[in-house]
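K.L.:
Would you mind keeping the following structure in view while I ask a few things?
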């Protein structure tokens with residue numbers, strides 16, 4: 001009457017993990033796939049950023065190559081137009097003053113509207129200035145041509161801010177050093193080409209037009225850069241190098257969200273009214289001025305003035321002290337410039353040797369600079385001058401790169417354009433003060449300017465030692481009103 005009972009198999013089913021269909025195995029496969037996807041995304045991001053960085057090296061090279069073709073010939077051209085030494089000096093000073101006040105505003109503007117549009121605007125308006133220079137047949141037109149260049153020739157600063165957005169804090173000194181090296185190569189080759197072109201009929205005008213054409217070529221290169229990849233990957237790549245190689249899904253989502261937010265802010269800033277942009281720029285500059293970065297900028301000012309004092313009367317001092325001709329001084333300065341390129345390429349091994357401690361590198365390079373300037377000031381033979389110039393090329397190049405890296409490390413990458421702009425303004429102040437101090441010091445001795453530079457460098461070293469804890473903490477300084 002009852003249905004027959006079915007026999008149950010006595011063999012137990014394999015556990016879920018053994019079949020590969022259980023939740024643990026599924027989770028493991030998901031983690032593996034996620035990890036593989038993370039590695040693939042990180043690899044493609046790094047490749048896109050590397051391509052971008054290499055293109056920026058070319059931008060820096062072309063920029064200084066074009067400028068250095070024209071700048072050495074400008075004093076001769078304005079004299080050929082009938083200008084006196086006083087008028088030529090006033091025009092040169094006006095250019096420096098425009099650079100002093102515009103660098104901070106343009107750098108902050110690049111933070112507001114984005115690097116692409118600010119960099120393109122600066123390159124194109126600089127090209128306009130050099131085109132007008134090629135048509136300058138009077139002193140007035142010459143002065144007018146210097147206005148757009150004086151206000152907007154900040155392409156290298158914006159390029160450095162863009163590099164700081166693209167690379168991690170750990171790799172920043174290496175990339176900045178290579179960028180400076182590429183730019184220095186252009187600065188070494190440019191005067192040779194410009195000197196050859198000026199021998200032709202109407203050589204200065206042709207050189208100016210070629211310089212303007214190089215800037216237009218640079219603008220085309222910037223326009224064709226893979227900005228879509230950069231906008232989506234620069235923040236992820238920068239944050240990714242500071243964390244583990246693989247990310248969780250939430251971390252990736254947060255990074256993409258942050259990148260999209262930054263891009264949206266730049267896009268919104270571009271279409272704001274000019275008055276709103278000016279107000280925002282002034283607010284950001286006030287935040288930098290009210291921050292605790294004064295000591296870093298003071299160190300940059302002191303070291304800049306010290307180095308400028310060393311080079312201010314270099315040819316005259318060598319002639320008075322050792323009886324060598326100015327031609328020898330020119331060769332020695334070219335030799336130092338070539339060594340500066342080598343120093344920029346060696347920043348990678350140096351930062352690894354110092355375990356990426358930018359503060360220690362800056363302190364040691366500044367100390368070496370101070371010692372070498374003292375050696376030059378007390379040199380008894382020309383061979384001591386050559387020795388000091390050789391190692392000074394390395395110490396000054398490394399120091400310039402490290403002070404920029406320290407500014408961005410302490411101040412934070414959120415306002416990198418503003419920080420670099422303020423730093424450029426500080427250097428411009430040094431260019432204004434150095435000739436005055438050099439003239440006063442030279443009244444006492446041909447060794448007066450470098451001796452004064454030794455004192456200023458020593459003060460900078462003492463300031464760095466007094467703020468050692470702040471530099472080594474590597475925390476971002478709170479910018480007020482931000």
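In case you wondered, yes, glycine gets a Cβ from its N, Cα and C as well.
From a predicted model like this one, the values you see are computed outputs, not experimental measurements.
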K.L.:
Looking at the candidate ranges 252-271, 272-291, 332-351, 352-371, report the one that TrEMBL labels transmembrane segment.
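P.N.:
Transmembrane segment, as annotated by TrEMBL, spans 332-351.
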K.L.:
Transmembrane segment per TrEMBL sits at which of 15-40, 119-144?
P.N.:
119-144
K.L.:
Where else in the chain does the transmembrane segment (179-198) make close Cβ contacts, counting only residues six or more beyond its ends and a cut-off under 8 Å?
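P.N.:
Sequence-distant neighbours of the transmembrane segment (179-198): 56-58, 60-70, 72-73, 156, 159-160, 163, 204, 206-207, 210, 334, 337-338, 340-345, 397, 400-401.
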K.L.:
For the transmembrane segment (55-75), name the stretch out of 87-107, 119-144, 332-351 with the most CB-CB pairs under 8 Å.
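P.N.:
Ranked by Cβ pairs under 8 Å, first place goes to 119-144.
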K.L.:
Among 119-144, 204-225, 332-351, 372-394, which stretch has the highest count of C-beta pairs below 8 Å with the transmembrane segment (87-107)?
P.N.:
119-144
K.L.:
How about long-range neighbours of the transmembrane segment (332-351): same chain, 6 or more residues beyond its ends, C-beta under 8 Å?
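P.N.:
For the transmembrane segment (332-351), the list is 173-174, 176-181, 184-185, 187-188, 311, 314, 318, 358, 361, 385-386, 389-390, 392-394, 396-398, 401.
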